[in-house]
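Just below is one structure, and these are the notes that go with it.
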Amino acid sequence: MGEITNVTEYQAIAKEKLPKMVYDYYASGAEDQWTLAENRNAFSRILFRPRILIDVSRIDMTTTVLGFKISMPIMIAPTAMQKMAHPDGEYATARAASSAGTIMTLSSWATSSVEEVASTGPGIRFFQLYVYKDRNVVAQLVRRAERAGFKAIALTVDTPRLGRRESDIKNRFVLPPGLTLKNFEGLDLGKMDEANDSGLASYVAGQIDRTLSWKDVKWLQSITSMPILVKGVLTAEDARIAVQSGAAGIIVSNHGARQLDYVPSTIMALEEVVKGAQGRIPVFLDGGVRRGTDVFKALALGAAGIFIGRPVVFSLAAEGEAGVRKVLQMLRDEFELTMALSGCRSLSEITRNHVVTEWDAPRGLPAPRL
């Protein structure tokens, strides 16, 4: 294996190293996997309008997210069961995020608990929440995350039922022996039983609350002082309601194309959601980000920052903590280069005029009179 020079190269290494059931779980999308491909392809239809002859000898990529200063607008999305990828699992990811000066989001379905992740040392960490039918379990978990020093809740709102992931059905996906959903271990909810289809789909059907609605965002606010990010918004209508419901921010996400297939890519949905939020709360994006150019495009279209998911588990599988560090470093370096070559010295200088999309009116021509 030659030197790894970009984020995408880790996927092939992970595929070689991991058991088929595990690789397929991480890699696959829902049903036809149209949205899975589109999450990547859509970025390629957005082009740059670089500005030249600007002094770019000093570039500042720092930003603040919910008041927390981070080194770059590149953060780690919640991905489940990271010890399937590498024995260090979420510990390694937490350390890599911390050393890169950025935020890690821990999945509800982590194979390490909130307390274990906190024990890795200082760092800004968010906690992704699935709402279980038993609200006492939810309240307990939120309290534990808060006590462990987590700074925000990313409430996943696109999963009243698990999307149909056919490779998980074929593989009869179940947590490998010796691993449990550590946050629920003491509550007898940490085990995932063998099932006739996907063990995870059966688990979700049994445990996750399908009645979840906007009133529950209010309920969550009543039990925690942590700000709540609503993760899984794809429309302006829901962006408006998120603002009205007191959300601290929105994550434009299609769950890595793992829930409803044929929703648009997140980069295509982004501008609509940003307009719906009207600048009242920050809008973030996850899904398909593999290059520094992707990060720049998201910011130009109004995102306050992005989260990466699969690149973390694939690099973790390949090289453990060092792999995750390298992914964060490569994206950082590419993003810095993209800023320099576009003529932007700080995030505030990245504007909508730095990109052109297929839905923009042709420049220099009068807009057609209809």
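Each Cβ is built from the backbone N, Cα and C atoms, and glycine gets one as well.
Quantities reported herein were computed from a predicted structural model and do not represent experimental measurements.
The active site, proton acceptor annotation in TrEMBL covers His255.
In sequence order, Tyr25, Ser28, Gly29, Ala30, Phe173, Ser198, Ala201, Arg258 are the residues of the chain that are 6 or more apart from Arg165 (glyoxylate binding site) and have a CB within less than 8 Å of its CB. Sequence annotations record features per position, and here TrEMBL assigns glyoxylate binding site to Tyr25, Arg165, His255.
Per TrEMBL, FMN binding site is recorded for 78-80, Ser107, Gln128, Tyr130, Thr156, Lys231, Ser253, Arg258, 286-290, 309-310. A simple way to gauge crowding: the CB of Ser107 (FMN binding site) has 23 other CB atoms within 10 angstroms, across all the protein chains here.
According to TrEMBL, the feature domain 'FMN hydroxy acid dehydrogenase' maps to 1-360.
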Residues flanking the glyoxylate site, with Cβ no more than 8 Å from the Cβ centroid of Tyr25, Arg165, His255 and excluding those residues themselves:
Ser28, Gly29, Ala30, Leu162, Gly163, Asp168, Leu200, Gly256, Arg258
For the domain 'FMN hydroxy acid dehydrogenase' (1-360), what's the mean pLDDT in this predicted model?
95
